[in-house]
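Here TrEMBL flags HIS66, ASP104, HIS312, GLU316 as divalent metal cation binding site.
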Amino acid sequence: MNLRELVSALNDFASPALAESWDNVGLLVEPSPPHTVNTLFLTNDLTEEVMEEAVQKKADLILSYHPPIFTPLKRVTWQTWKERLVVRALENRIGIYSPHTAYDAIPHGVNNWLTKGLGACTSVPLHPSTAPSSPAEGSHRVEFCADAEHLDAVLSKIKDIPEISCLTTLPARVEGEEQTRVSLNCSQKALLEVVALLSQNSLLHHKTEILLLQKPLLPHTGMGRLCTLSEPVSLSDIIERIKGHLQLPHVRVAVGAGRTLESPVKKAALCAGSGSSVLKGTEADLYLTGEMSHHDVLDAVANGISVILCEHSNTERGFLSELRDALAIHLQNKINIVVSEKDRDPLQVA
């Protein structure tokens, strides 16, 4: 596949618009066109060891869940390992694409895969995503009616206000009189100026309607998951299930105040990776994530919530095999998809 065609297909699989605002997603490194992709290489973290593996396996595009370029690079030299990744990629004509939190949000993404470690359950996003393109512009819509005597003067002043969009006029009949219905979208800041302007004419102000424009929620899409198990399960059994799902010999556990390893778990809140900010304040029997700060763990335990920590990338990496199969179908088996064998969590127990 042509690189641009493949990137478009990857964006359709998980829209970059679903990623968090602080994230750096999409095509990060692009070889000079035209660039054909025969082999797509999947990894959770793009390290120098993984890059060497990608070169050896003749990858044309690396899909790295975590973006290897996050903070801006001021230069591309051989001095730091992340700069060297860019150099090696370009020298070997390998593109780099990162989806990161877009894959966290989608219904068929990382967090959905992580819920499977709990057993039979239903889940909803902890922080639902909104439709990125609806409404198109503005936070409020203002509608009012004006007669011919006031219309031109009011419209002239409104057009001078910044952050006004979608300004339309339509004929209207109000109380038997021919008038014009004016509709516009505006920002919160512009709304104050529009209302102040209309307030100067009591007739206009009296006929004004202000609507709050809210983007619709996307079903089953968003950050984190709140899972309700079909049947309560002891914390010790949940621990074993998680270890089996993630193929880990051990996890770290903090037992909630007043709970034991035999206490039942009915509701579990989870977030792949670093879950403190996503999980904080959620009422549940259990928090499941890769890592949390010491003080956030203490807060959870004090509130009677047990915590299972599996290390950051261990809650993400296993998704790659499922992703490989899903992308093969999405891309109609047009390219070879390979999962890294060198990618691994940097932490181990000594």
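Note that Cβ sites are derived from N, Cα and C of the backbone, with glycine treated the same way.
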Tertiary neighbours of HIS66 (divalent metal cation binding site) (same chain, Cβ under 8 Å, six or more apart): ASN44, ASP45, LEU46, SER98, HIS100, SER313
Around the Cβ of HIS312 (divalent metal cation binding site), the count of other Cβ atoms that are within 10 Å: 21
Local Cβ density at GLU316 (divalent metal cation binding site) - other Cβ atoms counted within 10 Å: 25
